[in-house]
Amino acid sequence: MDHHPIPADENEMTSTSPQMQMRRNKLSSHFQGDIDDDGGVGVVDIRGSPMGSAELARTGGWVAAVFIFGNEMAERMAYYGLSLNMVIFMFNVMHRPFAASANAVNNFLGISQASSLLGGFLADAYLGRYWTIAAFTTLYLLGLVALTLCATMPALQAPGQDECDGFAKLLGKCQQPHPWQMAYLYAALYTTALGAAGIRPCVSSFGADQFEERSPVLDRFFNLFYLAVTVGAIAAFTLLVYVQRNHGWAAAFGALALAMAASNALFFMGTPLYRHRVPGGSPLTRVAQVLVAAYRKRHIKHTTELLYEVGGAKSAVRGSGKIEHTEELRWLDKAAVRVEGQEEINNPWRLCTVTQVEEVKILVRLAPVSACTVMLSVVLTEFLTLSVQQAYTLNTRGLPVACMPVFPCLAILLLLALYYRAFAPLARRLTGHPHGASQLQRLGLGLLLSTLSVAWAGLFERYRRAYAIRHGFLPLFLTPMPGLSAYWLLIQYCLIGLAEVFCLVALLEFLYQEAPDAMRSLASAYAALAGGLGCFLATAINTAVDSITGDIDAGRPSWLAQNINVGKFDYFYWLLAVLSTINLIVFIYFAKAYKYRIKPPTTPHN
């Protein structure tokens, strides 16, 4: 090791001159000024006051978590409801081309997830998770109300509704909406996207805050949290479809607004029961300070200097406990090196604490693991549209095609119900892990199942297209083939559903437990950011494949031709399988290299 160990207290630094000791005391006082009275990581009430044992006894736990689950359930119902119905609404009511409608909704999905970094930043830096959720869930409700008005008031819809039949819509012959009408619709849609961006990175972390640090029930909390997500999705794919088909668009969007209003009321009702964590100030500023300080000292060596940390039990970062020094990414350590003879008091852009440096290291180490879930989001996004197109050509036995995405949700429900009774005991015997598998092991299993899902989808699509050609359905891509059941799609649906629950539940748990105390919302936003990037990447892959494989002048349809029977969806699925396999290999590399902040507990093999 080419540098000295970190002193437990600033009094242990090498120099003991009175002048140097005075400067160190002043420096320590500068950092200590931002530490809250409870040590930086204690639980506080809504006013920011530390909670006593009596308050802790009557707050938090599963009772408080129930109120948070309700908010997430309604948010997911609205999210999936809009992703499922907005393309059809824009096509039928606003008379927009199908491709333009699909791109607008993909952008909505991507923005609502990718911009979750904003919500995570505000929660960690200034507002705290409770007030961030409160503000953005209200914004979400306003967006849903605006969409309901668009579906209710003819003045906000494209003109000529009565004169536009289905054939005219397909040919693009209907009257187009006025620019101000589309501006209103996009403003309402992206208001809901911004609302979701503020809620998503905070809800799971705020729910986990209701339990003790490193609580053994946290894995159960994240499983139940994802159960709430799944129930919201099921409601969107069943109840909302029923309301829309039988009562119209106004009733469907109004149902989403009412559900969100009810969940908001439920969330605010639980306010006296919540535990809160202290915002730690701008995490991006602290990251920038570390990078700038490390760059300024890039030429110094560790051999004659000590890494700086404030004395005592408290951290210099408000809302965070101290983090032990690690040997990884050692070039960042230079930000915490105290250079003798240079005045650095009151200048965190020149000297940072070890804890602040370790925060940046953790964010860097978490990024590759989260990035490997982008490919899962690509597969989920593609299935949302491609598998529905497959279903239109198959015999659904009376089940509306729009309800087909409910099957992955049912697979998730089944897995969550059997996880602790079947999977965990079996996996525990193989791994010795008390929860059956570590977070990274579950992530890897999810990515493997995702790869298998698209590989199977490619095999089945090859059979489906050959069946359509043999039986004369080549031009009839919107006509169900009575001899081929849509329930063959259940295999790929179940595989992707299992992949989703293994991967995303483990990712939420992993990010919460591994993240720095004062950056948990920002770290949780990594999951949503990966989801948003997956939506954008799916659009980019579609555009590239369509451009490369199709040639209109030569009469060669692309793999993603509108007529699925002349396209090559099977080739596209296999392309996704190849990309997913490469992604899985990359994930295995990073997972094997990753070191948990706290070693996972193990139990003896049976």
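In case you wondered, yes, glycine gets a Cβ from its N, Cα and C as well.
Fair warning: this is a prediction, and the values are worked out from it, not measured in the lab.
According to TrEMBL, the feature transmembrane segment maps to residues 77-95, out of the candidate ranges 77-95, 115-133. Sequence-distant residue pairs (6 or more apart) of the transmembrane segment (249-269) and the transmembrane segment (224-243) include at least 3 whose Cβ atoms are under 8 Å, placing the two stretches in contact. Residues 65, 69-70, 72-81, 84-85, 203-204, 207, 251-252, 255-256, 259, 400, 402-403, 405-406, 409-410, 412-413, 416, 501, 504-505, 508 of the same chain lie 6+ residues outside the transmembrane segment (224-243) yet bring a C-beta within less than 8 angstroms of a C-beta in it. Sequence-remote contacts of a segment are chain residues at least 6 beyond its ends whose Cβ falls under 8 Å from one of its Cβ atoms, and for the transmembrane segment (183-203) they are 68, 71-72, 75, 78-79, 82, 86, 90, 94, 104, 108, 111-120, 122-123, 129, 132-133, 135-144, 146-147, 149-150, 156, 177, 225, 521-522, 524-525, 527-528. With a cut-off of 8 Å between Cβ atoms, the residues of this chain six or more beyond the transmembrane segment (523-541) that come close are 103, 106-107, 109-117, 119-121, 197, 200-202, 204-205, 362-363, 366-367, 370-371, 373-378, 380-382, 504, 507-508, 511-512, 514-516, 575. Counting Cβ pairs closer than 8 Å and at least 6 residues apart in sequence, the transmembrane segment (440-459) and the transmembrane segment (398-420) reach fewer than three and form no contact.
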